[in-house]
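Visitor: For reference, the structure I am asking about is given below.
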Amino acid sequence: VLQSSNSLKASYEDWLLTYGLSVSPFHLRWQTALFNRQFYNWGRWKPKFLYLWFSIGMVFGIVAMFGSVILLGKTLLQTLTQMLTEAPKAQNDRMLQVVVSVLSPGLYLRTVNRSKELLNGVPGVNLPVSQLTYFFSAILISGVMHEVGHGVAAIREQVRFNGFGIFIFIVYPGAFVDLFTTHLQLISPVQQLRIFCAGVWHNFVLGVASFMVLFLLPAILFPFYYTGVGALVTEVTEDSPANGPRGLFVGDLVTNLQDCPVYNVEDWNSCLGDISEKSQVGYCVSAATLQQLSFPARVYRRLDGTVECCSNNSLTDICFSYSNKLDSHLYACLPARKVIEASKVCRTNTDCHKDFVPSFCVTPSLENQTRLIRVKHPPHIDMLYVGHPMHLQYTVSLSSFVPRQNFLSIDLPVVIETFCKYLISLSGALAVINAVPCFALDGQWILNSFLEATLSSLIVEKQNRELVGFLILLAGSALLAANVALGLWMVTAR
(Lines of atoms letter the chains of each structure in order from A; the text may use other names.)
(Lines give C-alpha, C1' and ligand atoms only; values in the text may rest on other atoms or scores of the structure.)
Protein backbone atom coordinates (compact mmCIF):
# COMPACT_ATOMS: atom_id res chain seq x y z
CA VAL A 1 0.00 0.00 0.00
CA LEU A 2 2.85 2.37 0.87
CA GLN A 3 4.59 1.66 -2.47
CA SER A 4 1.33 2.28 -4.35
CA SER A 5 0.83 5.56 -2.50
CA ASN A 6 4.37 6.74 -3.33
CA SER A 7 3.84 5.81 -6.96
CA LEU A 8 0.60 7.76 -7.12
CA LYS A 9 2.27 10.75 -5.51
CA ALA A 10 5.13 10.62 -8.02
CA SER A 11 2.67 10.38 -10.92
CA TYR A 12 0.74 13.36 -9.58
CA GLU A 13 3.92 15.44 -9.19
CA ASP A 14 5.03 14.52 -12.71
CA TRP A 15 1.62 15.55 -14.06
CA LEU A 16 1.85 18.92 -12.29
CA LEU A 17 5.39 19.44 -13.59
CA THR A 18 4.35 18.56 -17.15
CA TYR A 19 1.63 21.22 -17.18
CA GLY A 20 3.63 23.83 -15.24
CA LEU A 21 1.36 23.67 -12.21
CA SER A 22 2.34 24.21 -8.60
CA VAL A 23 -0.08 23.65 -5.73
CA SER A 24 0.46 24.65 -2.10
CA PRO A 25 -1.81 25.79 0.75
CA PHE A 26 -3.77 28.92 -0.33
CA HIS A 27 -1.67 29.18 -3.50
CA LEU A 28 -2.14 27.84 -7.05
CA ARG A 29 0.45 28.68 -9.70
CA TRP A 30 0.72 27.97 -13.43
CA GLN A 31 3.80 28.73 -15.55
CA THR A 32 4.24 28.20 -19.28
CA ALA A 33 6.64 28.91 -22.12
CA LEU A 34 3.81 29.11 -24.68
CA PHE A 35 4.01 32.89 -24.82
CA ASN A 36 7.81 33.18 -24.95
CA ARG A 37 7.88 33.73 -28.72
CA GLN A 38 5.31 36.52 -28.41
CA PHE A 39 7.28 38.17 -25.61
CA TYR A 40 10.46 38.02 -27.71
CA ASN A 41 8.62 39.55 -30.66
CA TRP A 42 7.44 42.41 -28.46
CA GLY A 43 10.90 42.90 -26.90
CA ARG A 44 12.61 43.13 -30.30
CA TRP A 45 10.01 45.40 -31.91
CA LYS A 46 11.40 48.89 -32.70
CA PRO A 47 14.38 48.89 -30.28
CA LYS A 48 14.76 52.71 -30.31
CA PHE A 49 11.12 53.26 -29.42
CA LEU A 50 11.29 50.65 -26.63
CA TYR A 51 14.47 52.25 -25.30
CA LEU A 52 12.69 55.61 -25.07
CA TRP A 53 9.51 54.01 -23.71
CA PHE A 54 11.24 52.19 -20.85
CA SER A 55 13.56 55.14 -20.14
CA ILE A 56 10.49 57.28 -19.53
CA GLY A 57 9.16 54.44 -17.39
CA MET A 58 12.42 54.41 -15.42
CA VAL A 59 12.09 58.13 -14.60
CA PHE A 60 8.45 57.63 -13.66
CA GLY A 61 9.28 54.65 -11.44
CA ILE A 62 11.94 56.58 -9.52
CA VAL A 63 9.63 59.56 -9.02
CA ALA A 64 6.83 57.18 -7.98
CA MET A 65 9.13 55.54 -5.42
CA PHE A 66 9.82 58.86 -3.68
CA GLY A 67 6.22 59.98 -4.14
CA SER A 68 4.87 56.82 -2.54
CA VAL A 69 6.95 57.46 0.60
CA ILE A 70 5.58 61.01 0.86
CA LEU A 71 2.07 59.71 0.29
CA LEU A 72 2.50 56.99 2.93
CA GLY A 73 3.76 59.49 5.49
CA LYS A 74 0.99 61.98 4.77
CA THR A 75 -1.68 59.28 4.90
CA LEU A 76 -0.36 57.89 8.18
CA LEU A 77 -0.57 61.34 9.78
CA GLN A 78 -4.09 61.86 8.43
CA THR A 79 -5.19 58.47 9.72
CA LEU A 80 -3.77 59.10 13.17
CA THR A 81 -5.46 62.51 13.26
CA GLN A 82 -8.75 60.96 12.16
CA MET A 83 -8.47 58.28 14.86
CA LEU A 84 -7.98 60.94 17.53
CA THR A 85 -11.03 62.97 16.48
CA GLU A 86 -14.40 62.07 17.93
CA ALA A 87 -16.28 62.32 14.61
CA PRO A 88 -14.21 61.13 11.64
CA LYS A 89 -15.03 62.62 8.26
CA ALA A 90 -17.62 60.76 6.25
CA GLN A 91 -16.38 58.97 3.18
CA ASN A 92 -17.92 59.88 -0.17
CA ASP A 93 -19.66 56.73 -1.39
CA ARG A 94 -21.33 58.20 -4.45
CA MET A 95 -19.05 56.87 -7.06
CA LEU A 96 -16.81 53.94 -7.33
CA GLN A 97 -13.43 54.75 -5.70
CA VAL A 98 -10.53 52.58 -4.75
CA VAL A 99 -8.59 53.57 -1.72
CA VAL A 100 -5.30 51.82 -1.40
CA SER A 101 -3.90 51.20 2.03
CA VAL A 102 -1.58 54.09 1.30
CA LEU A 103 -4.42 56.32 0.21
CA SER A 104 -7.23 55.90 2.70
CA PRO A 105 -5.57 53.60 4.07
CA GLY A 106 -5.80 49.82 3.54
CA LEU A 107 -6.42 48.21 0.16
CA TYR A 108 -9.98 49.36 0.59
CA LEU A 109 -12.43 49.51 -2.26
CA ARG A 110 -15.67 51.32 -1.65
CA THR A 111 -18.64 51.34 -4.00
CA VAL A 112 -22.22 52.40 -3.84
CA ASN A 113 -23.93 49.72 -1.78
CA ARG A 114 -26.69 48.59 -4.13
CA SER A 115 -26.71 45.04 -2.88
CA LYS A 116 -27.41 43.54 0.51
CA GLU A 117 -24.72 40.94 -0.08
CA LEU A 118 -21.23 42.35 0.46
CA LEU A 119 -17.87 40.68 0.29
CA ASN A 120 -16.98 41.62 3.85
CA GLY A 121 -15.14 38.40 4.63
CA VAL A 122 -12.01 39.52 2.80
CA PRO A 123 -9.94 41.93 4.92
CA GLY A 124 -10.06 45.48 3.62
CA VAL A 125 -12.58 44.89 0.86
CA ASN A 126 -16.16 46.08 0.84
CA LEU A 127 -17.98 45.72 -2.47
CA PRO A 128 -21.23 44.30 -3.81
CA VAL A 129 -21.15 40.63 -4.76
CA SER A 130 -22.61 41.63 -8.13
CA GLN A 131 -19.36 43.47 -8.92
CA LEU A 132 -16.92 40.68 -8.06
CA THR A 133 -16.40 39.95 -11.76
CA TYR A 134 -15.23 43.54 -12.35
CA PHE A 135 -13.01 43.42 -9.29
CA PHE A 136 -11.16 40.19 -10.03
CA SER A 137 -10.97 40.82 -13.80
CA ALA A 138 -9.42 44.24 -13.19
CA ILE A 139 -6.93 42.76 -10.71
CA LEU A 140 -5.91 40.06 -13.21
CA ILE A 141 -5.58 42.46 -16.17
CA SER A 142 -3.61 44.95 -14.05
CA GLY A 143 -1.28 42.15 -12.90
CA VAL A 144 -0.79 40.82 -16.44
CA MET A 145 0.01 44.31 -17.79
CA HIS A 146 2.47 44.80 -14.92
CA GLU A 147 4.34 41.59 -15.71
CA VAL A 148 4.25 42.16 -19.47
CA GLY A 149 6.10 45.39 -18.78
CA HIS A 150 8.82 43.56 -16.83
CA GLY A 151 9.08 40.78 -19.44
CA VAL A 152 9.32 43.03 -22.53
CA ALA A 153 11.80 45.37 -20.81
CA ALA A 154 13.96 42.39 -19.78
CA ILE A 155 14.11 41.05 -23.35
CA ARG A 156 14.92 44.59 -24.58
CA GLU A 157 17.90 44.61 -22.17
CA GLN A 158 19.09 41.14 -23.34
CA VAL A 159 17.96 39.28 -20.21
CA ARG A 160 16.82 35.70 -20.80
CA PHE A 161 13.08 35.22 -20.46
CA ASN A 162 12.13 31.80 -19.07
CA GLY A 163 8.35 32.00 -18.98
CA PHE A 164 5.13 33.69 -17.98
CA GLY A 165 2.60 32.52 -15.39
CA ILE A 166 -0.60 33.19 -13.49
CA PHE A 167 -1.31 32.47 -9.83
CA ILE A 168 -4.20 32.57 -7.41
CA PHE A 169 -3.40 33.41 -3.79
CA ILE A 170 -6.43 32.53 -1.63
CA VAL A 171 -8.96 34.24 -3.98
CA TYR A 172 -6.81 36.96 -5.53
CA PRO A 173 -5.48 36.39 -9.07
CA GLY A 174 -2.11 37.68 -10.26
CA ALA A 175 0.67 37.15 -12.81
CA PHE A 176 4.45 36.78 -12.87
CA VAL A 177 7.41 36.42 -15.24
CA ASP A 178 10.43 34.16 -14.77
CA LEU A 179 13.71 35.90 -15.67
CA PHE A 180 17.26 34.50 -15.61
CA THR A 181 18.72 35.97 -12.41
CA THR A 182 22.37 35.76 -13.52
CA HIS A 183 21.67 37.96 -16.56
CA LEU A 184 19.90 40.50 -14.35
CA GLN A 185 22.96 40.74 -12.10
CA LEU A 186 25.36 41.23 -15.02
CA ILE A 187 23.65 44.23 -16.68
CA SER A 188 24.19 47.82 -15.50
CA PRO A 189 22.10 49.41 -12.71
CA VAL A 190 20.41 51.73 -15.25
CA GLN A 191 19.36 48.73 -17.36
CA GLN A 192 18.06 47.05 -14.21
CA LEU A 193 16.05 50.18 -13.43
CA ARG A 194 14.36 50.05 -16.84
CA ILE A 195 13.27 46.48 -16.10
CA PHE A 196 12.21 46.99 -12.47
CA CYS A 197 10.29 50.22 -13.20
CA ALA A 198 8.49 48.78 -16.23
CA GLY A 199 5.72 47.16 -14.18
CA VAL A 200 4.79 50.34 -12.31
CA TRP A 201 5.02 52.27 -15.59
CA HIS A 202 2.68 49.91 -17.44
CA ASN A 203 0.14 50.07 -14.61
CA PHE A 204 0.20 53.85 -14.80
CA VAL A 205 -0.28 53.76 -18.58
CA LEU A 206 -3.16 51.29 -18.22
CA GLY A 207 -4.83 53.59 -15.70
CA VAL A 208 -4.41 56.62 -18.00
CA ALA A 209 -5.75 54.66 -21.00
CA SER A 210 -8.78 53.55 -18.98
CA PHE A 211 -9.37 57.13 -17.87
CA MET A 212 -9.24 58.32 -21.49
CA VAL A 213 -11.78 55.69 -22.53
CA LEU A 214 -14.02 56.76 -19.63
CA PHE A 215 -13.64 60.44 -20.54
CA LEU A 216 -14.28 59.88 -24.26
CA LEU A 217 -17.06 57.31 -23.77
CA PRO A 218 -19.87 59.72 -24.81
CA ALA A 219 -18.05 60.35 -28.11
CA ILE A 220 -17.19 56.66 -28.60
CA LEU A 221 -20.80 55.56 -28.05
CA PHE A 222 -22.37 58.56 -29.82
CA PRO A 223 -23.57 56.57 -32.88
CA PHE A 224 -25.55 54.24 -30.59
CA TYR A 225 -26.35 56.26 -27.44
CA TYR A 226 -27.06 59.92 -26.75
CA THR A 227 -26.42 61.85 -23.53
CA GLY A 228 -27.43 65.09 -21.85
CA VAL A 229 -31.19 64.41 -21.79
CA GLY A 230 -31.56 62.90 -18.32
CA ALA A 231 -30.57 59.96 -16.13
CA LEU A 232 -31.82 56.58 -17.36
CA VAL A 233 -32.97 54.14 -14.66
CA THR A 234 -31.16 50.79 -15.09
CA GLU A 235 -32.08 49.10 -11.79
CA VAL A 236 -34.37 49.61 -8.81
CA THR A 237 -33.69 47.27 -5.90
CA GLU A 238 -36.58 45.32 -4.41
CA ASP A 239 -36.33 47.09 -1.06
CA SER A 240 -36.09 50.53 -2.65
CA PRO A 241 -38.54 53.20 -1.48
CA ALA A 242 -38.78 54.13 -5.19
CA ASN A 243 -40.57 50.82 -5.87
CA GLY A 244 -44.30 50.79 -6.42
CA PRO A 245 -46.98 51.55 -9.02
CA ARG A 246 -46.13 55.28 -8.95
CA GLY A 247 -42.41 54.80 -8.46
CA LEU A 248 -39.49 54.40 -10.86
CA PHE A 249 -39.07 51.58 -13.36
CA VAL A 250 -36.17 50.35 -15.49
CA GLY A 251 -36.10 52.45 -18.65
CA ASP A 252 -37.55 55.60 -17.05
CA LEU A 253 -35.75 58.86 -17.82
CA VAL A 254 -35.40 61.18 -14.82
CA THR A 255 -35.29 64.86 -15.86
CA ASN A 256 -35.83 66.76 -12.59
CA LEU A 257 -35.51 66.42 -8.82
CA GLN A 258 -37.65 69.19 -7.32
CA ASP A 259 -36.61 72.29 -9.30
CA CYS A 260 -33.12 70.85 -9.95
CA PRO A 261 -32.64 69.77 -13.61
CA VAL A 262 -31.07 66.35 -14.22
CA TYR A 263 -29.12 65.86 -17.47
CA ASN A 264 -26.92 62.95 -16.37
CA VAL A 265 -25.99 60.76 -13.39
CA GLU A 266 -23.65 63.43 -12.00
CA ASP A 267 -26.56 65.87 -11.88
CA TRP A 268 -28.71 63.25 -10.11
CA ASN A 269 -26.04 62.82 -7.42
CA SER A 270 -25.44 66.56 -7.16
CA CYS A 271 -29.17 67.38 -6.86
CA LEU A 272 -29.69 64.73 -4.17
CA GLY A 273 -26.66 66.08 -2.30
CA ASP A 274 -28.05 69.63 -2.40
CA ILE A 275 -31.52 68.47 -1.34
CA SER A 276 -29.99 66.56 1.58
CA GLU A 277 -27.88 69.51 2.78
CA LYS A 278 -30.46 72.28 2.31
CA SER A 279 -33.74 72.72 4.17
CA GLN A 280 -36.97 71.36 2.71
CA VAL A 281 -38.49 73.54 -0.04
CA GLY A 282 -42.10 74.65 0.12
CA TYR A 283 -44.92 74.95 -2.41
CA CYS A 284 -47.14 77.91 -3.22
CA VAL A 285 -50.80 77.28 -2.35
CA SER A 286 -53.58 79.86 -2.56
CA ALA A 287 -55.50 80.66 0.59
CA ALA A 288 -58.71 79.35 -0.98
CA THR A 289 -57.11 76.04 -1.97
CA LEU A 290 -55.53 75.71 1.46
CA GLN A 291 -58.90 76.19 3.14
CA GLN A 292 -60.57 73.75 0.73
CA LEU A 293 -58.02 70.91 1.07
CA SER A 294 -57.17 71.09 4.75
CA PHE A 295 -59.11 69.38 7.44
CA PRO A 296 -58.80 69.61 11.23
CA ALA A 297 -56.29 67.27 12.82
CA ARG A 298 -54.53 66.94 16.15
CA VAL A 299 -51.06 68.52 16.26
CA TYR A 300 -48.29 66.83 18.26
CA ARG A 301 -44.51 66.99 18.40
CA ARG A 302 -42.16 64.17 17.46
CA LEU A 303 -39.15 63.22 19.56
CA ASP A 304 -36.81 65.27 17.34
CA GLY A 305 -38.92 68.41 17.87
CA THR A 306 -40.68 68.46 14.49
CA VAL A 307 -44.47 68.63 14.27
CA GLU A 308 -46.95 66.06 12.92
CA CYS A 309 -50.56 66.97 12.25
CA CYS A 310 -51.83 64.02 10.17
CA SER A 311 -53.08 61.42 12.62
CA ASN A 312 -54.95 59.13 10.24
CA ASN A 313 -51.84 57.21 9.04
CA SER A 314 -52.74 58.09 5.45
CA LEU A 315 -50.24 57.32 2.70
CA THR A 316 -51.43 60.32 0.66
CA ASP A 317 -51.61 63.11 3.26
CA ILE A 318 -48.68 65.04 4.71
CA CYS A 319 -48.49 67.66 7.44
CA PHE A 320 -47.52 71.08 6.05
CA SER A 321 -46.43 74.14 8.01
CA TYR A 322 -46.95 77.76 6.97
CA SER A 323 -47.24 81.24 8.39
CA ASN A 324 -49.45 84.29 7.95
CA LYS A 325 -49.23 87.84 9.19
CA LEU A 326 -50.59 86.93 12.61
CA ASP A 327 -49.08 83.50 13.33
CA SER A 328 -45.82 81.94 12.13
CA HIS A 329 -46.62 78.41 13.32
CA LEU A 330 -49.66 77.13 11.48
CA TYR A 331 -50.13 73.53 10.37
CA ALA A 332 -52.44 71.78 7.93
CA CYS A 333 -52.83 68.16 6.91
CA LEU A 334 -53.05 68.19 3.10
CA PRO A 335 -53.12 65.64 0.26
CA ALA A 336 -49.54 65.81 -0.96
CA ARG A 337 -50.08 65.25 -4.67
CA LYS A 338 -52.85 67.85 -5.01
CA VAL A 339 -50.73 70.42 -3.20
CA ILE A 340 -47.55 69.80 -5.17
CA GLU A 341 -48.88 69.29 -8.71
CA ALA A 342 -48.91 72.55 -10.68
CA SER A 343 -47.45 74.39 -7.67
CA LYS A 344 -44.48 76.72 -7.72
CA VAL A 345 -41.50 75.92 -5.47
CA CYS A 346 -40.88 78.53 -2.78
CA ARG A 347 -38.93 79.36 0.34
CA THR A 348 -41.05 82.16 1.82
CA ASN A 349 -44.49 83.67 1.28
CA THR A 350 -42.88 86.44 -0.75
CA ASP A 351 -42.05 83.93 -3.49
CA CYS A 352 -45.78 83.18 -3.91
CA HIS A 353 -47.16 86.72 -4.47
CA LYS A 354 -48.77 86.67 -7.91
CA ASP A 355 -51.81 88.34 -9.50
CA PHE A 356 -52.86 89.68 -6.09
CA VAL A 357 -54.14 86.22 -5.11
CA PRO A 358 -53.48 85.55 -1.40
CA SER A 359 -51.05 82.59 -1.28
CA PHE A 360 -48.89 80.87 1.29
CA CYS A 361 -45.63 78.95 1.05
CA VAL A 362 -46.49 75.62 2.71
CA THR A 363 -43.55 73.42 3.71
CA PRO A 364 -43.75 69.68 4.53
CA SER A 365 -43.29 69.20 8.27
CA LEU A 366 -41.01 66.17 8.28
CA GLU A 367 -38.36 64.63 10.51
CA ASN A 368 -34.98 66.36 10.43
CA GLN A 369 -33.25 64.17 7.81
CA THR A 370 -36.40 63.34 5.84
CA ARG A 371 -37.29 65.15 2.62
CA LEU A 372 -40.26 65.25 0.28
CA ILE A 373 -38.78 65.00 -3.23
CA ARG A 374 -40.68 65.40 -6.47
CA VAL A 375 -39.09 63.24 -9.18
CA LYS A 376 -40.05 63.99 -12.80
CA HIS A 377 -39.77 61.09 -15.24
CA PRO A 378 -42.05 61.95 -18.19
CA PRO A 379 -44.34 60.82 -19.67
CA HIS A 380 -45.21 59.12 -16.34
CA ILE A 381 -46.85 60.87 -13.41
CA ASP A 382 -44.33 62.48 -11.04
CA MET A 383 -43.04 60.29 -8.22
CA LEU A 384 -43.37 61.78 -4.73
CA TYR A 385 -40.68 60.38 -2.47
CA VAL A 386 -40.65 60.84 1.29
CA GLY A 387 -37.48 59.69 3.06
CA HIS A 388 -33.75 60.25 3.32
CA PRO A 389 -32.30 61.38 -0.07
CA MET A 390 -29.37 58.96 0.28
CA HIS A 391 -31.73 55.97 0.45
CA LEU A 392 -33.03 56.97 -2.97
CA GLN A 393 -29.48 57.31 -4.24
CA TYR A 394 -28.30 53.95 -2.93
CA THR A 395 -31.21 51.88 -4.22
CA VAL A 396 -31.62 53.30 -7.74
CA SER A 397 -28.96 52.69 -10.41
CA LEU A 398 -28.84 55.06 -13.36
CA SER A 399 -26.93 55.69 -16.57
CA SER A 400 -26.22 58.89 -18.51
CA PHE A 401 -26.49 56.97 -21.80
CA VAL A 402 -29.86 56.60 -23.56
CA PRO A 403 -30.05 54.04 -26.42
CA ARG A 404 -30.95 55.43 -29.84
CA GLN A 405 -32.62 52.13 -30.77
CA ASN A 406 -34.79 49.85 -28.63
CA PHE A 407 -32.68 46.76 -29.31
CA LEU A 408 -29.57 48.35 -27.76
CA SER A 409 -28.71 47.31 -24.21
CA ILE A 410 -29.11 49.94 -21.50
CA ASP A 411 -26.49 48.11 -19.40
CA LEU A 412 -23.57 48.16 -21.89
CA PRO A 413 -22.41 51.75 -21.14
CA VAL A 414 -22.70 51.03 -17.40
CA VAL A 415 -20.58 47.88 -17.78
CA ILE A 416 -17.88 49.81 -19.69
CA GLU A 417 -17.95 52.71 -17.22
CA THR A 418 -17.73 50.45 -14.17
CA PHE A 419 -14.96 48.31 -15.61
CA CYS A 420 -12.90 51.38 -16.55
CA LYS A 421 -13.29 52.74 -13.03
CA TYR A 422 -12.10 49.45 -11.55
CA LEU A 423 -9.11 49.39 -13.92
CA ILE A 424 -8.19 52.97 -13.04
CA SER A 425 -8.45 52.25 -9.33
CA LEU A 426 -6.80 48.83 -9.13
CA SER A 427 -4.08 49.47 -11.72
CA GLY A 428 -3.27 52.74 -9.95
CA ALA A 429 -3.24 50.91 -6.62
CA LEU A 430 -0.84 48.30 -7.97
CA ALA A 431 1.46 51.02 -9.29
CA VAL A 432 1.52 52.92 -5.99
CA ILE A 433 1.97 49.84 -3.81
CA ASN A 434 4.76 48.37 -5.94
CA ALA A 435 6.65 51.66 -6.02
CA VAL A 436 7.02 51.68 -2.22
CA PRO A 437 10.62 50.88 -1.15
CA CYS A 438 9.57 47.82 0.80
CA PHE A 439 10.84 44.24 1.05
CA ALA A 440 9.44 41.84 -1.60
CA LEU A 441 7.95 44.64 -3.73
CA ASP A 442 9.30 46.18 -6.95
CA GLY A 443 10.32 49.16 -4.84
CA GLN A 444 13.05 47.04 -3.21
CA TRP A 445 14.78 46.35 -6.53
CA ILE A 446 14.16 49.89 -7.82
CA LEU A 447 15.80 51.30 -4.68
CA ASN A 448 18.80 48.94 -4.82
CA SER A 449 19.48 49.69 -8.50
CA PHE A 450 18.96 53.41 -7.93
CA LEU A 451 21.49 53.44 -5.08
CA GLU A 452 23.99 51.50 -7.21
CA ALA A 453 23.55 53.97 -10.08
CA THR A 454 23.85 57.14 -7.95
CA LEU A 455 25.95 56.36 -4.85
CA SER A 456 28.73 54.16 -6.25
CA SER A 457 31.10 57.14 -6.43
CA LEU A 458 30.08 58.59 -3.06
CA ILE A 459 29.97 55.33 -1.09
CA VAL A 460 32.73 53.18 -2.55
CA GLU A 461 32.16 50.09 -0.43
CA LYS A 462 29.27 47.99 -1.81
CA GLN A 463 28.60 46.65 1.65
CA ASN A 464 27.94 50.18 2.94
CA ARG A 465 25.59 50.92 0.02
CA GLU A 466 23.67 47.74 0.81
CA LEU A 467 23.42 48.82 4.44
CA VAL A 468 21.94 52.18 3.41
CA GLY A 469 19.46 50.37 1.15
CA PHE A 470 18.53 47.94 3.93
CA LEU A 471 17.80 50.77 6.39
CA ILE A 472 15.61 52.59 3.84
CA LEU A 473 13.76 49.37 3.02
CA LEU A 474 13.23 48.74 6.72
CA ALA A 475 11.73 52.21 7.17
CA GLY A 476 9.58 51.87 4.05
CA SER A 477 8.31 48.46 5.13
CA ALA A 478 7.44 49.78 8.59
CA LEU A 479 5.63 52.75 7.07
CA LEU A 480 3.61 50.53 4.74
CA ALA A 481 2.84 48.03 7.51
CA ALA A 482 1.64 50.84 9.79
CA ASN A 483 -0.70 52.15 7.09
CA VAL A 484 -2.11 48.70 6.36
CA ALA A 485 -2.56 47.86 10.06
CA LEU A 486 -4.30 51.15 10.85
CA GLY A 487 -6.38 50.90 7.68
CA LEU A 488 -7.63 47.42 8.51
CA TRP A 489 -8.30 48.45 12.08
CA MET A 490 -10.39 51.43 10.98
CA VAL A 491 -12.30 49.31 8.45
CA THR A 492 -13.14 46.62 11.00
CA ALA A 493 -13.83 49.14 13.76
CA ARG A 494 -16.47 50.84 11.62
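Using N, Cα and C of the backbone, Cβ positions are placed for all residues, glycine too.
From TrEMBL, here are the annotated features:
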DOMAIN    134-474  domain 'Peptidase M50'
TRANSMEM  50-73  transmembrane segment
TRANSMEM  132-149  transmembrane segment
TRANSMEM  161-180  transmembrane segment
TRANSMEM  200-222  transmembrane segment
TRANSMEM  422-447  transmembrane segment
TRANSMEM  467-491  transmembrane segment
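Describe the structural surroundings of these features, if you would.
Guide: Per-residue pLDDT, averaged across the domain 'Peptidase M50' (134-474), gives 91.
Beyond its flanks by at least six residues, the transmembrane segment (132-149) meets 39, 42, 57, 109, 119, 125, 164, 166, 171-177, 198-203, 206, 418-419, 422-423, 425-427, 430, 434 of its own chain at Cβ-Cβ distances under 8 Å.
Within its own chain, the transmembrane segment (422-447) has Cβ neighbours under 8 Å at 61-62, 64-65, 67-69, 71-72, 96-98, 100-103, 107, 109, 131, 134-135, 137-139, 141-143, 145-146, 192-193, 196-197, 199-200, 203-204, 206-207, 210-211, 214, 469, 472-473, 476-477, 479-480, counting only residues six or more beyond its boundaries.
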